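Presented below is the structure to which this report refers.
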Amino acid sequence: MTEQPNESRQQRAARRAGEFPAPPLPLAVPVADSHTHIDITVSEASGGGRDVFGPDPVSGAIAAAANAGVDRLVQVGVDVESSRWGLAKAREHSAVVATVALHPNEAPRLPNLDEALRIIEGLAADERVRGIGETGLDTFRTGAEGRPAQEASFRAHIAIAKRYGKALVIHDRDAHADVLRVLDEEGAPDTVVLHCFSGDEQFATECVRRGYLLSFAGTVTFGSATALRAAAVVTPPDQMLVETDAPYLTPVPYRGRPNASYLIPLTVRALAEAKGVDVDELCTAISGATERAFGHW
């Protein structure tokens, strides 16, 4: 079924059919999942009679990831509630750090954007918060009437990232040129991460030139993703991150089923194949890039 711009998260969840996939062969050199939504993942894993990660599903999800060679997770906020939740879990679990933000598609819907941004900034100072995001621009889900608020929110998040010295985690959907324009106008933070990188070779080359980090998700494994794999080829390993965006964007051969951090090895191996490099060497480079982005944990 084709994704629709006005689908809710719940509707997208309903389109993910079947059980969580079996774990792949673990990575010998561990990496981090640089962008995941543990809260949504464990909700799906515990619903409909499923008990995928056990009685303590957050701990179970972390353990399942570790068993696959994914030893650190970046829990990403999309609104005030999920940002608070992520910080709480980052304080509880040493394998988890948090990012906090208002998702670009949430910002136009808020009755009081300034108040929500004030709360996000209050969370940003915490040591367990390592990034500001996901923020950015999305012209696929947000129509013209919501874009001024979306852009204002993006600019505010850029300012927060710079004030607190945190990585800026960008959601960019169908908005490559405008994302670069706003970054140029505001001045980019020291660390910029393009989450679920979706550009082509030309856009990747420009982002690499600027020193940005490109985070590749399960989409790079899709059969139709020839341009995305070309972008991965021109991305230096030391500017490359890997993510799930779980429970979304499950890699092949499980596309359409629920995603989780333990499936990262499938994406890493696809990236190594596309680039023609050794998997262990790529993991080492990705791990180093992740630490430069989000610090040590």
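Cβ atoms here come from the backbone N, Cα and C positions, even for glycine.
Whatever TrEMBL says is automated annotation, not expert-curated.
Divalent metal cation 1 is bound by H35, H37, D245 in TrEMBL, and the record lists one more residue there from E134, E151, which is E134.
Neighbour counts were taken at the CB atom with a 10 A radius for the binding-site residues E134, D245; the maximum falls on E134. Neighbour list (H171 (divalent metal cation 2 binding site), Cβ cut-off 8 Å, at least 6 residues apart, same chain): H103, P104, G133, E134, T135, G136, L137, D138, H195, C196.
All protein chains considered, the CB of H195 (divalent metal cation 2 binding site) has 27 other CB atoms within 10 Å.
Here the binding-site residues are H35, H37, and the one ringed by the most other CB atoms within 10 angstroms is H35.
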